[in-house]
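Engineer: Sharing a structure below in structure tokens format, with a few things to ask.
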């Protein structure tokens, strides 16, 4: 299980995350926020890359999924990941704030939704949900 100690997460095994976003600035911000919390992470530029990474056998405890991306958007990617049996916590991140659009994203299989820009506090909120659901993969 994850416990928060002195600004980082102590885990029985190293926690991993996948950042899925087509915007290089958001990729960098999310990557660094996770890194500062001691979470090993990788970046994918769109939903198709996220699917391909999982097909190669990689597994993640957390997936931060942007909604609007070229090639394959976050809604379609989330649906496909769930159909593949991926049980990682998937948190949708987007600038969208219209209730209906957020609901559509949640119904695709998200565990959580956060508005951009992500902050350490928002990521910690997601991590607490992982901790309480016991969904960290070892």
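Including glycine, each Cβ sits where the backbone N, Cα and C put it.
In case it helps, TrEMBL gives these features for our protein:
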DOMAIN    16-131  domain 'Response regulatory'
MOD_RES   66  4-aspartylphosphate
Engineer: I want to check the contact list for the residue listed as '4-aspartylphosphate': same chain, sequence separation of six or more, C-beta distance under 8 angstroms. What comes out?
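Structural biologist: The list for the residue listed as '4-aspartylphosphate' reads 20, 21, 22, 23, 26, 74, 92, 93, 94, given in order along the sequence.
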Engineer: Quick one: average pLDDT across the domain 'Response regulatory' (16-131), no decimals.
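Structural biologist: So the average pLDDT across the domain 'Response regulatory' (16-131) works out to 94.
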Engineer: What is the number of residues in the domain 'Response regulatory' (16-131) that are helix, strand and coil, as DSSP sees it?
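Structural biologist: Each residue of the domain 'Response regulatory' (16-131) counted once, the result is 53 helix, 25 strand, 38 coil.
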